[in-house]
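As given in TrEMBL:
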BINDING   GLY197, GLY198, PRO199, GLY200, THR201, GLY202, LYS203, THR204  ATP binding site
DOMAIN    176-520  domain 'UvrD-like helicase ATP-binding'
Amino acid sequence: MSAAVPTDDPLVRERAHLTSSRAALRAMREEVEALDIKDVTANWVNSIVLERQIEDRVKALADLAHTPLFFGRLDYLPPTQHGQRFYIGRRHVHDAHGDPMVVDWRAPVSQPYYQASKKDPRDVGLRRRFGYTGGELTAYEDERLSDPTEEERTSRLLQTEIERPRVGPMRDIVATIQPEQDEIVRAGLSGTVCVQGGPGTGKTAVGLHRVAFLLYAHRERLARTGTLVIGPNRSFLQYIEQVLPALGELEVKQATVDDLVAHVEVRGADEAATAVVKGDARMAEVLRRAVWSHVTAPAEPLMVVRGSRRWRVPAHELEEIVRELRERDIRYGAAREALPQRIAHAVLVRMEQAGEAPDDRVQNAVARTAAVKAVVKECWPAVDPAKLVLRLLGDADFLAEHAEGVLDADEQKLLLWAKPARSVKSAKWSAADAVLVDEAADLIERTHSLGHVVLDEAQDLSPMQYRAVGRRCTTGSATVLGDLAQGTTPWATGSWEAALTHLGKPEARVEELTAGFRVPSEVIAYASRLLPHMAPGLAPVESVRENPGDFEVRTVAPETADAAVVAACADALRHEGSIGLIAADARIAPLAAALEAAGLACLSPGEETTAESRLTLVPASLAKGLEYDHVVLDEPAAVVDGEPDERTGLRRLYVALTRAVSGLTVVHAAPLPEQLAVSA
Ligand SMILES: Nc1ncnc2c1ncn2[C@@H]1O[C@H](COP(=O)(O)OP(=O)(O)OP(=O)(O)O)[C@@H](O)[C@H]1O
């Protein structure tokens, strides 16, 4: 036998396929780069648009050193797909004849890669997973799904991928999407899906992959209508922002709910009780009444002078026109724009009755006369949404008039500013006020609706915020992701049915994810002790991690507490991966000083970790949705006490306890919250 590598070694053949696929991808990219658009573009606007499209396409065809071109292979059993073999990757690659070398993970032909099982092989003869080390194809693993003699076993490669320590921002999970996750990822565009799942069950990952899937399946439609991912805060959005570009999707917008409703500058904050009333769905009715209260019946007849003739429309007829417009299901502003033409039409009818033959131009001219404008101004005045809310929050009588029978006296009192603001500019608007302004704005002019919206950490939204998100997908669909046990706002939703109704999607499907991919079993068991106390009825997450996790609770003396936290961080830094030091917001400043004094540099949430700086100091209020390889949790009692009530405090603690991937060290000087004691 020769010393050369045997050619029947499957790994050698797979590497050869990888090499030729990369060559094919390079050829595809060169073909796009060589496109000469001079002859095809008639004008410079077209050419700029085309150039950008080409640039994007070139970017999408980049061969990324650390992103393997394919991660799996499917061999179908004939006659399905003619018994063909498909390599599954992040993007489609074809050879010079147009034959696929790699198929997109989103293509229908790839779906059995995620869904096929021994019980339901879906005509798959062989599923092969590939393992890579630093961009090199180094391993593979086979499952002969249709072979009855082969036993079902857990995939080592899949498990290794799940166990891999976390370092920087969130990464995609295309190689290891689980069947129940895949069902949600590939759900049709027309329906709204709501996913309830405990910490680390992959809700965010599923939501992002769903957008990527929908963009693949409905590219043109969604390019026209737009897609949006909504997250709780900026650091969360920074944490997830690289996932979609890594999947070749560069056009998806990201925002917080506050960004969406930024009509006014938010400089104030509400007391919890006030914010609860402002976020209550009944506010929509108060605003609706307040906006429409501006419409009044005309008291005087209209007199239009044209040339030598005068045309009169009696008040009762004007009133009829106004009433008819009011009864139509259109926005206040749209009706206001239609009103001058309606009045002018009434004048025109009179002209015709008098034997004249006026055309459209005459009607337009009448609509623009000062007399018609005066009627419109009097009985259908322009309404500015911010001014309207300003008045509601500053004028007790105006509020009482429109809140009657909707809000009780105490609730109205809570709404009113202690000192009414003078102007929209000087008012100390709160985040909840901005949502009210958005509701009012929508009553006046319809909000633009997108094709698909992903709403993450949805449990924390108020009914009014759900409405604000809902009007941005009235003509589209949504993916709603959340965990009722992680709701930490005073208005957090208690049921998905209620939330979906406020969103305007009561028919949405609610799915549940229960397998935990983040938190090791020992840590999730510890955190789950809190569940019966703050979210009874919700089942604990079942960790699929094999690593039980490094879990330690260190009890220290109060005077050495900060030093003990610093020491725990230093210990954690001896291992690879990212470290998150999570503490009650009030503890952030002293801990930052202690870390600095000890010479340990730290980042803020959302800042990207690097090999040199891996420690992030995270206020408990910003921990939601994030994860770190190792978490040091400072003083659980302070995290609970940092919230206005115990239930919210325990939920905040639950969030903090469930951010760890490989290990959790709890450091405390104060007694631990009693709910963390072993539950009976
Ligand atoms: N199928 C999977 N294969 C590998 N890793 C996965 C899989 N699903 C989820 N993960 C990983 O598990 C971790 C948690 O996922 P994710 O943040 O989406 O969970 P979540 O349910 O949104 O959590 P939280 O409720 O805490 O916000 C991430 O690192 C994610 O990449």
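Don't overthink the numbers, they just go from 1 along the chain as shown.
Glycine is treated like the rest: Cβ placed from N, Cα and C.
Positions of TrEMBL features highlighted on the structure.
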{"residue": "GLY197", "record": "ATP binding site", "Cβ contacts under 8 Å, 6 or more apart": "LYS203, LEU481, ASP483, GLU512, LEU513, THR514, VAL541"}
{"residue": "GLY198", "record": "ATP binding site", "Cβ contacts under 8 Å, 6 or more apart": "ASP483, ALA485, LEU513, THR514, GLY516, ILE524, LEU538, ALA539, PRO540, VAL541, THR658"}
{"residue": "PRO199", "record": "ATP binding site", "Cβ contacts under 8 Å, 6 or more apart": "ASP483, GLN486, GLY516, ARG518, VAL519, ILE524, ALA527, VAL541, TYR654, VAL655, THR658, ARG659"}
{"residue": "GLY200", "record": "ATP binding site", "Cβ contacts under 8 Å, 6 or more apart": "GLY516, PHE517, ARG518, VAL519, ILE524, VAL541, GLU627, THR658"}
{"residue": "THR201", "record": "ATP binding site", "Cβ contacts under 8 Å, 6 or more apart": "LEU513, THR514, ALA515, GLY516, PHE517, VAL541"}
{"residue": "GLY202", "record": "ATP binding site", "Cβ contacts under 8 Å, 6 or more apart": "ILE173, GLN178, GLN181, LEU513, ALA515, PHE517"}
{"residue": "THR204", "record": "ATP binding site", "Cβ contacts under 8 Å, 6 or more apart": "MET170, ILE240, ASP456, LEU481, GLY625"}
**OP:** Determine which residues of this chain, when GLY197, GLY198, PRO199, GLY200, THR201, GLY202, LYS203, THR204 are set aside, have a Cβ within 8 Å of the centroid of the ATP site's Cβ atoms, and list them as they appear in the sequence.
**Re:** ASP483, LEU513, GLY516, PHE517, ARG518, VAL541
Subject >> For LYS203 (ATP binding site), the number of other Cβ atoms found within 10 Å of its own Cβ >> reply: 26
Original post:
Three-state secondary structure of THR204 (ATP binding site) from DSSP?
Top reply: helix
Subject >> Mean of pLDDT values spanning the domain 'UvrD-like helicase ATP-binding' (176-520) >> reply: 95
